[in-house]
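According to TrEMBL:
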- 36-57: transmembrane segment (TRANSMEM)
- 130-148: transmembrane segment (TRANSMEM)
- 154-176: transmembrane segment (TRANSMEM)
- 188-206: transmembrane segment (TRANSMEM)
- 218-239: transmembrane segment (TRANSMEM)
- 251-270: transmembrane segment (TRANSMEM)
- 282-302: transmembrane segment (TRANSMEM)
- 309-327: transmembrane segment (TRANSMEM)
- 336-345: compositional bias 'Acidic residues' (COMPBIAS)
- 336-373: region 'Disordered' (REGION)
- 346-358: compositional bias 'Low complexity' (COMPBIAS)
- 364-373: compositional bias 'Polar residues' (COMPBIAS)
Amino acid sequence: MEGPVEERLCGKMKIGCGLHRYNLKDVFTWSLLKTILMGQVLSLLICGTAVSCEYLTHAKVETPMLQSFLNYALLLFTYTTHLSTRTGDRNILQILKTNWWKYLGMAIADVEANYAVVKAYQFTTLTSIQLLDCFVIPVLMLLSWFFLKTRYRVIHFVAVAVCLLGVGAMVGADILAGRDQGSTSDVLLGDGLVLLSAVLYAISNMCQEHTVKNLSRVEFLGMMGLFGTLISGVQLVVLETRAVGEIKWDVHISMLFVVYTLCMYALYSFMPVVVKMTSATAVNLSLLTADLFSLFCGLFLFMYKFSALYIVSFVIITVGFIMFNAVPTYSVLPEEPAEASDDPEAQSSSDQLLLSADNDTQRTETLTANDTP
């Protein structure tokens, strides 16, 4: 009798986790490998921004709003210009008439999130920033649950816990290596800024996921470029006019600004592609390895001290990311009509998503009925 009982318990556990219809061949697919690789490309781009910022800091250049402004201006020059050439219902004038306030709010969240986390380095330590910045993941999952109607299984929560364990290993390695950089002038204020940036990033990422999956990547980036340029431009004039005037421009400083701007532009351009393939939560999990890439670069560029825990952390985060993407999430609501999207397959993918959810429910009910004596 123990055998059948154990099989029933295992079966119910697999159903709860969403694993009842998956084997290794279903999990380790080319799509998953592509998702992992694309996520690491995003991490490498963030690494590029971190390294260039490090060099700018060494050169006594601290102008986060100027750096953000250059990125948004480049988005404006490319994507907003492209959006202006559109005709039909989703042209730029129609978007501004109906949804300008939504994109304004999204841009405010994005600009202020970038500013708050950079400002936090003046008040708190790197360790606090690395730990508290992970707050974006549970906040994003909560927002996705209520506003995007995304539903997670047990395996997704376990995967997030595994990824956060990897972050803990990374922070432990930093402490052992003596790399607790940053300031301690006002730790409480600095930690509050990190938490604020995490909430704002979660809001921005949730809006990004909704826009790119239901409307289009070009619309998201075009509106982000337009409103991001306006907001960051105003803040640049108010907050950093003196700091910009004190920059001693040369080829080295100019190249650092170019590298930072191009990495940020590529990150903003490429991230919606990955978000559309997976989700904003999955992307943020993959970005947890960005600090590790920065550390590996720092071993050669800034003579950081190496610790084997960095490798352990990278492996743990990667395992958690694979676990999260092994079983897809689903939405309890259909996507917006396909005619509102640039992608003609949007409605088809929405129908397949709902059908998949219905099939999962039917399989669960069937297996449960079969287990009943």
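Cβ atoms are placed via backbone N, Cα and C, with glycine included.
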Query raised in the report: Looking at 36-57, 154-176, 188-206, 251-270, 309-327, which one has the highest count of Cβ pairs under 8 angstroms to the transmembrane segment (130-148)?
Result: 188-206
**Report entry** Among the ranges 36-57, 154-176, 218-239, 282-302, the one whose Cβ pairs under 8 Å to the transmembrane segment (309-327) are most numerous
**Finding:** 154-176
Query raised in the report: Taking 154-176, 188-206, 218-239, 251-270, 282-302 as candidates, which has the most Cβ pairs under 8 Å with the transmembrane segment (36-57)?
Result: 282-302
